[in-house]
Every structure is written in structure tokens, then in C-alpha cells.
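A.B. asks: The structure is given below, and queries will be raised subsequently.
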Amino acid sequence: MTWRSPLALLRDALRGQRAREKELRNLVSNLPYEGLEKGKQPNRHFPGNAIKTTKYTLLLFIPMNLFEQFHRLANIYFVGLAILNFVPVVNAFQPEVALIPICIIMALTALKDAWEDFRRYQSDRKLNNTPCLIYSRKEKQFMERRWKDVRVGDFVKVFCNEIVPADLLLLHTSDPNGVCHIETANLDGETNLKQRRAMSGLCISDPEFKPESFDSLVVCERPNNNLNHFKCYAEKPDKEKVGAGIESLLLRGCTVRNTDTAVGFVVYAGHETKSMLNNNGPRYKRSKLERKLNIDVIFCVILLFAMCLVGSLGHFVWLQKQPGVPPYLVADSNGHLDSPGLSAFYMFFTMIILLQVLIPISLYVSIELVKIGQIFFIANDIDLYDEETDSRVQCKALNITEDLGQIEYIFSDKTGTLTENKMVFRRCSIMGTEYAHKENGNPLHCAILFKQNELMQHLSLLFIVILHVFIYMHIQPAPVAVLILDYNPPDTLPNLAKMSGSLRRFITSWQRKPKRNRIFSEDSVIEEDHFNPPVKTEGSGAISGLQTCSLHAPSQDGKPATTSDNLSYEAESPDEAALVYAAKAYGFTLMGRTPNSVTVSLPSGKELVFEVLDTLAFDSVRKRMSILVRHPITKEYVLYSKGADYAIMELLEHLCGKQKSIAADTQRHLDCYAREGLRTLCFTKKVVSEKEYESWSVNRQRALAAMENREELTMDTAVQLETNLSLLGATGIEDRLQEGVPDTIVALREAGIQVWVLTGDKPETAVNIGYACRLLEEEDLVINMSCKNTLACTSILDCALEEVRRYSNDPRNVDTTPDISLVIDGRTLTMALSSDLQERFVDLAKHCRTVLCCRVTPLQKSRVVKVVREKLKVMTLAIGDGANDVNMIQAADIGIGISGQEGMQAVMASDFAISHFKHLKKLLLVHGHWCYTRLANMIIYFFYKNVAYVNLLFWYQFFCGFSGTAMIDYWLMIFFNLFFTSVPPIMFGIMDKDISAEMLLGVPELYRMGQGEYNFKTFWISMLDAFYQSLVCFFIPYIAYRDSDIDVFTFGTPLNTISLFTILLHLSIEIKAWTVVHWVIILGSVAIFFIVTLAYSGTCITCNPPSNPYWILQTQMADPMFYLICVITTVVALLGPRMTEGTKKQQHLRKNHFTPGIKSN
């Protein structure tokens, strides 16, 4: 290796940094430079493919881990006190011993961190050494290398079922159409297949592809974490540019399926790949209880300083009142004694060291252990297990389980969350004529309807050709659908030719980009929730909406099957499957799909092959999608579009005569479908002249090859073509309500939780579902807000608020809520959330029983959640099942994903994942209540325990001149908190059940009552209990042993024993549901106390010099006075808390008296 000067290395590093920070990167093949030193490699500035996810190194583990742990203020506090104890003038204990508790806690944390980091190291090493094939110019073939050897500019070959090692620009596949199927489960959790296409015009698609033939310059964008977006173009030697997008990128971590081989050019490697840029680790959320806990810790610190100040002043007064120099004060080597003021100053710090246990050092560790135990019980609840999908509750946010018991507002999606998202094709409107379909796939009914309604025959063909015939892909054009009104099976093709100019023959097709591929703007609207993430539907009768469906044969060669019996369909969403199976029921079968064509089998057995010219994918501005096809008979260029009625109707050509009548009838049918709760879509067509197509195609290709503003340019080309459309028809698809949804919503509302629904559906559809799931009641006054301007919106808000105020001011309506429900569409919601009207909207919404937000975008969903959470200061929960719910889920305090029919993006973004909406009832009302009350009571108990114990030392200062001495051996003090009393509260926090699950489900109001368990009053009442018990535990033994000749440890040992009995019996009274585990742990703690203390007293003579606890407990246990004092003191100490407990419960019941905020059902 050639030696290079440090200046040259620095210069090269700066060049590399500039190259990596450029918005566009120029990449070339590494093959011409193979074998040259690194300094001559053109792509040397970009990182290699080796990854490192570990946080520590072997040499720097200790300092780095200490630095990490010292981010916790509690650790700094205790380490500071331990170091302070090394200062002779302020130390209270043997300095080395004072380090033990914090060292144990930090050592255990370090071991946990080391183990986790070692596992990451093993995973990295395994991944980096995974074999792969990299092309070598010298060997003239692909050679086996390791993932860590891959570099930007290499050519990598991937076989079927292999994982892609880096982000590859797809150049060649074994499929003759250049198609490669991939599975992205490792990235987004979705197991259905997606399609990628090789860049066209760069390489010859033959089995003998040779990377040496690649001589283009690849220009791509700077790495980013957007899995659904990629901009790139390849510039040939003749300066021709070929554009490429995400459809030609194989992402690291994806698995190749149903494709023998694929060859790609490495554009991003290692930590610059999209999968690694998305690997941000688990996110951290702070629970509401944790925030309250931190405030109470501050109160404890203030209390500690107050007690230390009392001790310091007491020491000053004590010294001032002494007639001479006390004999226990020893002068320094110069015979000098500190003044009373200076001694009092030193005593302040000594008291901090002595009373430091007032701040519970093990509380945070105990809380983490309790949460792990709670999650175990939630995940293993058999009632929350779904046998059909073999899935249970997933808890991915370990630190907010208690927030499940604090929810006040729930924001829910509709499709797939309240409904099954298993679609049934029900009705359609064709050229103004309506047709019904009783049940999808019913052969007898289909046969009758097939004969009676010719239009239904042609609609079937429409449905079939709409769908993809390849395994589901991101932005691949959709197939074509043909609808022929005058259909006669024996002469289908001749009739097609004869009627090529008639509006009663049409082809319609479209394809949409899955919603996980779209970036939504503030004004984007999800039409009817139809733009859903994928769901696999193979060979089932599930049915769904008009978007994309995939079909593939069992073989991997990509060839379509020749018969319909062995075809397997895979749909992006259930809507798509609904249409393809409905069409198949009428004899029209989707047979094959390539990137440029679609094949449909007619009932006569003949096949039609349609050429797909281009697809205008869905975007958040146009809110529709279109496909451009060439008719197989007439050779016309035809554009077909689909979308929601409000996105399609405004694009229709000038309506007159029959067309105007058709549009009116179709709109009437759409409104009827919406009122029945059906999901609706509209379809249109447009014949494009050859000259117009050729001109448009040039602009389209230029837009697709652009690196800047590509999205805007491609959208402009789409808008340019989507004008003067002719209306063809509409469809209505039923989405059934999930089992148990009405009961769940009623129970949640009885629990005091407000339920909002945020959906992209039409208002009529949302209202219909609202009544079906009992969000709306027949007696409700439903306010429909659909305004065209801000003035109208303001007027409605003011009128509604005035009505609410009149209702509230009526004395007859005390503690009740008006039966008002609000239905608001997306456009009006934008106005209502503006700065001028936001306060009024929130004020009205909080007085409504239910709010339905319709036609809302993902960004609007998240905005609503944020506004309600911030303005009303309430705990929010968002639940959804699709990618369009991710923003809402992440904006709420708790996000819940439903692992249903719409893929896994909502689940992956959520804090908890369930299988059905009905599981939310037990998750909140039972587990939420338990988690919150258990943890709240455990935290209160922890504070009580530490304050009650440390106050024994504080009271003793009044009898020892506030000298900072202790009457209990310091080792036993350490053992008391670390071993004797640490496990029972953890068990209490994991297993206690204050109310049975049956009672919590039967009386949902108990959920709201439990929300006040931990508050300012309960905290300070527990502190008073602790002070009372510490007074009793100290002064009864003091009175009993007063004027005796016992030594200090003989006095302290009964205090330690009494404190143990009092603290454990106090916990025993708090426990509501006893089990064998409770008995074992409580009795075991007592047994361990006596065993350890007896062993320590019998063996440790000089363990903590100059103390000598030898044989203290043994002597005490031989004295009947010891047992009498322990019994009497414990009983008296526990009387006070029981009396205050009754007062506390009465106050709590009064505060949470059963006055439901909603009308009982």
C-alpha cells in the first residue's frame, strides 16, 4: 500500500464529505478500476456495506457506559453522596460501604447493557459475513464474497429466496419482461409480494447478461429514509437519459421471490441504505404517571433538604447550649475545633448522606421490572388471543403500560378498525342504471343475473381487466377493464369491432400507488379509505375495491397459467379482491399480466390482450388515478380514471342531454350507496388522439427522467390528460362491521371515554356506520357541518355553542351532557382547526357525545389528535389498521395498531397491537386499570416505605445531638432496602388485583374511578402515614428502653425489626388478591431478614468499624421484652394508616361519584 501524507488523507476526507453531502451523486461502474488501490477508485468516497450497530467497544465500554448512566440524574445524586461521604468532616458511614448500593445498581445496569450490545455485535458479524455474489472483471463471472465486501458501483446477483445485501438499481432479471418480485416483510412487516422492474433500455434482457456492457453514468439522489421514494436516472454515452424510480430499486433487507435471478447496480451501501436509515431503534415515550413521579421525587428532595436543615440547625443549637467542649468532639492535630456555625454547615451534608435513602434508589429499577411483568400478563391473556390469525397482543412500548388506565379520548379509524375490511361487492350503477349483486361468488344467483342483465356482464369484464396479474407492486400500471353493453358470448370479438365508437362499449382501468408510497400534503384526501396497504387474498372469496390485484402461478418462471382453476390472486386491499371475484362469478377471468399488457378470458373461452401504455398513479393533489391503454380491437388510445365522486365529477366534459341525466342518476345512486354504508367509486373514460398521445408521451418521459421537481412535473402531465372525461358508472361495496364493536363502544363510553371516528369515507357512509356501532343514537341531535366558507363555519359553531350553553345553564341538566353528535367533513375541519376557530371547535367538540370527522387526510387525523390533546390536556389513544393511520397513531399518547387486512405499517408504528377492535375493551378496562392502579400503589408504597424507615434515623438525631450517627448498623440498612423489602413491592406491582376482571367489564364506570389513584393528596397522605408510623416505631421502643443500660445497636435492632414488620404488614393490608406467590414472598422476606441478620450478628465483628454488632439479635431474641415491643409497636403503627385509608377512600369515592358524562344505555 502506498504511503500517503496526513495532509493528503485530510484532503481526501474533506472531498469525501463533500461528495456525500451533495444532493445528486454521480456513480460509475467499478469494473474498469478493479484491482486498483483505493485512492484511484471513483466511488471511494461512499461508505462500504459493513454495518456496526453496537454502542460500545471493548476498551471504552466502562467510560462510555458510565457516561450513559450518568444521564440519569438519580445516579449522579447517589454517586455524589457516596463521594461526599469520603470527605472526613461530613462522612456519616464508612466511605467504602456507602458506595455499595449505587455500585450494585449501576453494575447490574452495565451488565444488562453489555449483554444487549454483545448480542448486537453477534448480529452485525453474522450479517456482515453473509455470502453474496459480486461480479469480477478478471474472473469474467460472479464470485462469492461477503456482504461487507460490497461497494457502491458493484454488480450484485441475487437468487430466488435470497436477501438483497444493499440498495440495488435493478438492471436485469431472469424474467423475460424484466420483472422481479420481492417481499418487504423485514422493512414494513408486509408479507405480500411487490413487483420491481429492470430499467429499460440499458441492458439486453437475456440469460447471458454481462455487466461489462454497462457503460452509463448513474445519477441518483442523496440517501434518505423514505422507503417509497427514489429518484435516479442513467445517462448513456450518447447523453440519452433514462429515468427510474422506486419501481426499479431493490432495497437492502428485501427477499427475492418467484424470480430465479436478479442483477443490480449498487447505489447505496451499508449505513446509507434506506433500511439502515430507517433503523432508529425503539422510540421513548414518557407516561403520565412517570411525569407525576418526577414531581414527587422533587418534593422528596425538598423534604430531605428540610430535614437536613433541621438537623443542621439542631446541631448548632446543641453545641451552643453545651457549657463546655463536649467530650465526643476531638480536636485536629493542631488542637483546633470548628466553630458551631461551621460544624452545623458540615452537619448539613452529613445529614444528607445519612438520610439519602429518603430518595428511593431502587424505585426506577423496580418500575421497569413491574412493567415487564405487566406486559407478560397482557401478552398472555387468552381473551386477547386471536385463533384465526394465531396472534396475540403485542406490547412494543414497555414504559407506558400504565397509561392504558388513563385514557380519556379515543380516536379511531373506520375501515378495517371498526369494520372487517373484508369486502362484498353489492351494487353498481352503469350509465345511470343500477344493478344489485346479492352475494359475491353465489353461482346460482350469478347465473340468473348474468342472463337478465347484459350490463352486469360487461361490468364483470371491467372488474377483471382492472386488476394486476403480477404479484403486487408499488407503481406498476394496472390492467385494463373492458365493459361491453351489447354482449353476445359467441361473437364477442366481432361485436367489439362493430361497436368501437359507441359509449355502450368502453374499457376502463387504473392503478393506484399504495398509500405507503404517498407523501400527503395538508390538503390531501384519502378517498373513501380505498387507498389501502396490501393484504394477501389467495384463492379466497374475499372481495374488495377497485384498485389493484395480483395473480401469479405456482411456478417461478413468471408464465401465466392457462386455466382459471389454478390461478392464485393476491390483492393490495380487500376492495380489489371483491371486484375480481365478482367478475369471475360472471365468467370473466383475469388470466395474465405483464408490465405492458393484461390478458382476460371471456365466458366464450376467447382471450383479449390489452396493451398498457402508461399509468397516472394516485397523488394527494389529484386524488384520483388513471391508466392509458390501447384497445385490442379498435387500436384507439383510451384513458380511464377512477376516484371518489368529488374528485371525478368536476372533470367531466360539458354535460347535456343524456349525459347530464346519467351523471345525475349516478350521483343519486352514489348517495344511496353511502347512506347504506357502502364504499363508493366512480369511473370515467376519454379517447385520446394519436397526435395528442405522442405529444403528451414526450412530456411524460421528460418528467419521469427529471431529478428536480419530478413529482410536480409528473402530476402536471397527468392533469394535462385528465380533462373532458366521460362518466361510465359507479360501484358500492359492503364492508361489514366487526364482531363486538357496538358492545365495546358502549362500554368505553360508560367508562367515561369519548370516542371519535376519523375516516376518509363520505359523511353518509360514516353516519350509517355510526348508528350501526352505536356511536350515534336515534335520540341524538346530529350537527352536520359541511361548509363552503369560513363565515358559514363560524355561524354553525356559534349557534351550536349557544345551544350547549343554554342546556348547561338549565338547573335540570346538572351533571349531564346534551345528546349532541357532530359530523364534520375534511374541508370544514380545516376551517374549524384554523387559529380563529380552533377554540370554539374544541369547546363544542368536548360537549358532544360523539364526533365523526369524514373525508379527512392522514395529516388532518394527526392534527385533530394533537389539538384535542394539547387544548384539553387529556390522555389520548389512537387506533387504526392502515398506513394512513400512522400519523394519528404516532400523535396520540398511546397508539394501537390492528393487525388486520391492511398490512403491518400501523402495527409497526404503534405502541400496542391487537387483532380486533373488541380487544380494546379488556385491554383498557381491565389491563389498563390494573396496570395503572398496581403501579400507582407500588410507587406510593415505595415512598412510604423509604420515608417511614429513614425517619427512624431522623428522630434519633434529637437524642444524639444531631451528630449524624445511626443506631442501626449500616450494612443492615443496606440489606434492608436491597434485599429485605425490595421484592414484595415488585410482586405487589405485578400481581395485585384490586377488582376482578369480571367486575371491571361488567361495571365500566370503575375504569374512571381508578384514574384518581395517584394524585397530590394520596401522595401526601401516604407521607403523613409514614411520619406517623415512624414516630410510633421509634418512640414506643424508646419509652420501653428509657433509663436502661442497653447500647445503641441493642436499641436499634428492635427498631429495624419493628420497621420490617410494619412495612410488610402495611403492604399485606394493601394487597387485594392474595395468592401463593404473595405468601411465599412476604414470609420469605421475613425469613431472609432473620437469617441474614443472625448470620451477620454472629460473624461480623469488625465489618463496619468502630461498630460492633456481634450477637445483638441473638441476645434480643432471648428477651421476652423484644417480642412484646415488636407486637405492640406494630399494631399501634398500623392503626393510623387504616383510619386515614378510610378517609382517603371516601374522598376518592366522592370525587369519582357515578355521574356518567354520557347517557346510560
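Each residue, glycine too, has its Cβ placed from N, Cα and C.
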A.B. asks: If I go by TrEMBL, the feature transmembrane segment sits on one of 158-181, 830-853, 1046-1069. Which?
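C.D. replies: Going through 158-181, 830-853, 1046-1069 one by one, TrEMBL gives transmembrane segment for 1046-1069.
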A.B. asks: Under TrEMBL, the annotation transmembrane segment belongs to which of these stretches: 637-656, 1117-1136?
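C.D. replies: Here TrEMBL associates transmembrane segment with the stretch 1117-1136.
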A.B. asks: Select the range from 73-91, 97-115, 1046-1069, 1076-1097, 1117-1136 that forms the most Cβ-Cβ pairs under 8 Å with the transmembrane segment (970-991).
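C.D. replies: The stretch with the most close Cβ contacts to the transmembrane segment (970-991) is 1076-1097.
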A.B. asks: I need the nearest neighbour of Arg679 (ATP binding site) among the recorded positions Asp413, Thr415, Asp881, Asp885, using C-alpha distances.
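C.D. replies: So, of the listed recorded positions, the one sitting closest to Arg679 (ATP binding site) is Thr415.
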A.B. asks: State the Cα to Cα distance, in Å, between Asp885 (Mg(2+) binding site) and Arg855 (ATP binding site), rounded to an integer.
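C.D. replies: Between the alpha carbons of Asp885 (Mg(2+) binding site) and Arg855 (ATP binding site) there are 13 Å.
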A.B. asks: Below 8 Å between Cβ atoms, which of the listed ranges 73-91, 293-318, 344-367, 1018-1040, 1117-1136 makes the most pairs with the transmembrane segment (1046-1069)?
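C.D. replies: The stretch with the most contacts is 1117-1136.
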A.B. asks: Same-chain Cβ contacts of the transmembrane segment (97-115) under 8 Å, 6 or more residues past its ends?
C.D. replies: 55-56, 61-62, 65-66, 68-69, 75, 78-79, 81-82, 85, 91, 353, 361-362, 365, 970-971, 974, 977-978, 1104
A.B. asks: May I ask for the residues of the chain that lie six or more residues beyond the transmembrane segment (1018-1040) and have a Cβ under 8 Å from a Cβ within it?
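C.D. replies: That would be 296, 299, 303, 940-941, 943-945, 947-949, 951-952, 954-956, 959, 1051, 1054-1055, 1058-1059, 1062, 1066, 1121, 1125, 1128-1129, 1132-1134, 1136-1137, 1140, 1143-1144.
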A.B. asks: Count, for each of the binding-site residues Arg679, Arg855, the other C-beta atoms lying within 10 angstroms of its own C-beta, and report the residue with the smallest count.
C.D. replies: Arg855
A.B. asks: Which of 73-91, 293-318, 1117-1136 shares the most C-beta pairs under 8 angstroms with the transmembrane segment (344-367)?
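C.D. replies: Counting Cβ pairs under 8 Å, the winner is 293-318.
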A.B. asks: What is the number of residues in the domain 'P-type ATPase N-terminal' (41-97) that are helix, strand and coil, as DSSP sees it?
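C.D. replies: Residue counts for the domain 'P-type ATPase N-terminal' (41-97) by secondary structure: 24 helix, 0 strand, 33 coil.
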A.B. asks: Would you mind sorting out which of Phe618, Gly760, Arg855, Asp881, Asn884 (the binding-site residues) have a C-alpha within 10 A of the one on Asp413 (active site, 4-aspartylphosphate intermediate)?
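C.D. replies: Those near Asp413 (active site, 4-aspartylphosphate intermediate) - Cα within 10 Å - are Gly760, Asp881, Asn884, in sequence order.
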